[in-house]
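Novice: I have a structure here, written as structure tokens, and I will follow up with some questions on it.
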Protein chains: 2
Amino acid sequence: MPSVIPEDSVGLVTPELLHFSEPLALACGRTLPAYDLMVETYGELNASRSNAVLICHALSGHHHAAGYHSLDDRKPGWWDSCIGPGKPIDTRKFFVVALNNLGGCNGSTGPSSPNPETGRAYGADFPVLTVEDWVNSQARLADRLGIGQWAAVIGGSLGGMQALQWTISYPERIRHCLAIASAPKLSAENIAFNEVARQAILSDPDFHAGHFQEKGVIPKRGLMLARMVGHITYLSDEAMGEKFGRELKTDQLNYDFHSVEFQVESYLRYQGEEFSGRFDANTYLLMTKALDYFDPAHAHGGDLAKTLAGVQARFLIVSFTTDWRFSPARSKEIVNALMAARKDVSYLEVDAPQGHDAFLIPIPRYLQAFSHYMTRIEV
Amino acid sequence: MPSVIPEDSVGLVTPELLHFSEPLALACGRTLPAYDLMVETYGELNASRSNAVLICHALSGHHHAAGYHSLDDRKPGWWDSCIGPGKPIDTRKFFVVALNNLGGCNGSTGPSSPNPETGRAYGADFPVLTVEDWVNSQARLADRLGIGQWAAVIGGSLGGMQALQWTISYPERIRHCLAIASAPKLSAENIAFNEVARQAILSDPDFHAGHFQEKGVIPKRGLMLARMVGHITYLSDEAMGEKFGRELKTDQLNYDFHSVEFQVESYLRYQGEEFSGRFDANTYLLMTKALDYFDPAHAHGGDLAKTLAGVQARFLIVSFTTDWRFSPARSKEIVNALMAARKDVSYLEVDAPQGHDAFLIPIPRYLQAFSHYMTRIEV
């Protein structure tokens with residue numbers, strides 16, 4: 001809780017729920033008859049409507065990207081280090097839009113919402129969404145806000161994939177794409193980790209084929225395990241080593257299976273426990289599927305340069321040296337394809353020990369380059 | 001099933017169950033009053049008893065390291081590529097001993113064995129074992145077989161840790177130590193992966209606090225998940241990519257959570273399924289704990305060179321370039337400590353795409369160097 005809101009904060013913010021009544025056709029072949037999006041904005045849209053920036057969130061993110069909902073908040077929004085007056089995404093210059101994606105569990109229509117056909121929660125009957133579907137729903141959001149073209153679409157990880165998809169789906173509606181700690185598609189290993197997380201949830205007896213809400217339970221064990229395995233991939237071996245090493249929780253070994261022996265076990269169990277209390281299991285499944293399915297080059301025989309032939313945006317691609325979930329090599333695939341397609345791309349590889357999570361952390365070199373790029377954007 | 005036993009095979013072998021009635025004091029403070037070890041041997045012990053080699057197994061291994069139990073066997077023992085006439089561990093020269101470790105589930109006394117105090121299976125009451133305990137039980141096995149000193153103790157991964165512990169616990173009883181794809185202790189990330197596997201098993205409602213046998217069930221879901229997550233760490237990103245890429249199981253995406261979409265999912269589910277039918281959950285927990293606890297330098301303030309000051313063996317340390325479970329850097333920690341302690345050590349880093357599993361695979365450069373080292377051992 002901040003005793004005083006910091007000067008470089010966007011301050012107190014209030015999310016807004018926007019209703020969309022025009023049906024949305026989805027990649028899976030189904031149609032959402034209507035839906036809500038939970039949205040937060042920071043800064044002011046200028047008269048020429050040329051200064052709007054869209055923030056796309058990653059797997060477990062949401063609309064609350066910056067500032068505080070109340071003075072009692074323990075922490076600000078998830079990307080507060082990058083959004084605010086004087087920060088890389090400077091709210092004195094830009095009108096910033098953040099949303100909870102469709103299928104999410106933070107207010108937007110998702111598996112926990114009532115299915116108009118049954119009156120009960122969708123549960124596992126909620127359609128599986130793709131990055132393209134999200135971008136289409138975000139385009140509707142732009143229409144609603146009167147934004148013809150984004151000055152920039154920005155995201156890390158799965159958020160970066162949405163930013164990239166924007167340049168392909170709506171080339172004329174995005175001037176700059178910033179894809180941070182991202183990849184043009186998942187590797188087999190990435191899919192494998194997602195599959196373990198899904199099986200953990202699906203095999204939890206409390207999952208009840210996705211209709212656990214009707215039973216008054218949540219698949220807590222499955223969600224815990226999914227988060228624990230995910231969390232390992234967000235940190236680098238180095239970061240974990242520096243943070244926990246082999247430090248024991250108590251003075252001596254317990255020689256049993258239940259006790260928390262090492263600090264890292266305690267940390268992981270806490271992360272899993274905390275997450276299982278706040279995140280919806282069906283949303284988690286849906287998000288991992290969207291990740292698995294993302295492969296924009298697939299429609300062009302795997303040729304990413306060809307896929308990007310029609311894009312008009314300029315790009316900043318950022319990676320972090322110890323990120324092994326989406327390593328620098330994966331970012332370079334995007335950079336190389338953009339260069340082959342003769343597009344305008346800047347690339348920054350940040351030397352950082354924090355692994356994939358680095359994109360959320362205020363690393364000076366990263367913020368500096370991020371700010372520099374954003375300063376050059378004309379509005 | 002081999003229609004004809006290959007010429008370089010040790011042929012048909014029969015395991016033997018050896019009973020040990022002298023109590024074994026364990027690191028945890030408890031004592032095993034008596035125990036059985038399931039053992040297989042290949043080749044002949046020479047007159048001077050100087051040609052014996054001990055094979056130590058890894059997490060899910062056992063005593064059946066080479067040859068066939070019957071002509072109906074689909075596959076030979078787990079390290080058949082390295083043990084046999086003309087192979088690196090040449091059975092024309094060496095008398096090879098392989099065992100199922102104490103606490104295992106392939107015939108040696110373990111959690112599935114009857115607890116003499118209750119008459120029922122030990123289950124989770126079986127004592128948690130350490131690498132030191134295993135080495136002590138293996139020393140008893142050496143005594144029983146009349147082997148005063150091993151020509152070599154050899155193991156990969158957790159097996160390499162046992163080989164290393166032999167040089168510390170019984171310096172005068174081992175002439176050569178071969179530690180392959182191993183590490184001097186687990187990293188925080190290694191422990192984290194083990195913790196996920198343990199939580200998967202412990203949180204399975206069918207685990208019943210480790211006494212599932214009495215309930216007539218097995219914690220199949222937990223074991224499946226544990227194996228799936230483990231399996232990812234045995235392969236390299238590269239190996240997974242080459243093996244599966246993003247190949248779809250069927251022609252098109254299913255847009256649901258249950259279908260197997262990508263080949264890698266199918267492979268992982270099969271691995272987990274198969275494993276859960278043959279491996280004991282309590283043994284799995286026990287093996288991961290033995291890995292977590294292994295840290296011989298701990299007693300010497302973390303100074304591995306000091307820990308190794310009294311060893312008399314010569315060493316071959318082998319690592320594989322794409323092994324990220326126990327990377328080459330981890331092997332080099334052992335090499336550097338041995339050099340600092342002025343011991344005789346050879347080191348080989350094998351360029352191999354297969355990840356941690358490479359130690360089980362007949363990679364020419366690896367077999368060649370392995371053979372070369374073994375040839376120089378005097379018996």
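For all residues, glycine too, the Cβ spot is worked out from N, Cα and C.
Given the structure is predicted, the values throughout are model-derived calculations rather than measurements.
Feature list, courtesy of TrEMBL:
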ACT_SITE  B:SER157  active site, nucleophile
ACT_SITE  B:ASP323  active site
ACT_SITE  B:HIS356  active site
BINDING   B:ARG227, B:ASP357  substrate binding site
SITE      B:ARG325  site 'Important for acyl-CoA specificity'
Novice: Roughly how many Å lie between the Cα atoms of B:ARG227 (substrate binding site) and B:ASP323 (active site), rounded to a whole value?
Specialist: 18
Novice: Nearest to B:ARG325 (site 'Important for acyl-CoA specificity') by Cα distance: which of the recorded positions B:SER157, B:HIS356, B:ASP357 is it?
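Specialist: Nearest listed residue in space: B:HIS356.
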Novice: Between B:SER157 (active site, nucleophile) and B:HIS356 (active site), find the distance joining the two CA atoms and give it rounded to the nearest Å.
Specialist: 8
Novice: Given the recorded positions B:ASP323, B:ASP357, which one has the fewest other C-beta atoms within 10 angstroms of its C-beta?
Specialist: B:ASP357
Novice: When you measure from the Cβ of B:ARG227 (substrate binding site), how many other Cβ atoms are you left with inside 10 Å?
Specialist: 24
Novice: Name the secondary structure element type, per DSSP in three states, that contains B:SER157 (active site, nucleophile).
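Specialist: Going by the DSSP assignment, B:SER157 (active site, nucleophile) belongs to neither helix nor strand, so it counts as coil.
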Novice: Express the distance between the Cα positions of B:ASP323 (active site) and B:ASP357 (substrate binding site) as a whole number of Å.
Specialist: 8
Novice: Cβ distance under 8 Å to B:HIS356 (active site), same chain, sequence separation 6 or more: which residues?
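Specialist: Sequence-distant Cβ neighbours: B:SER157, B:ALA181, B:THR233, B:TYR234, B:LEU235, B:SER236, B:PHE320, B:ASP323, B:TRP324, B:ARG325, B:PHE326.
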Novice: On a simple 10 Å Cβ count over all chains shown, which one of the recorded positions B:SER157, B:ARG325 is most densely packed?
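Specialist: Per the Cβ count, the most surrounded site is B:SER157.
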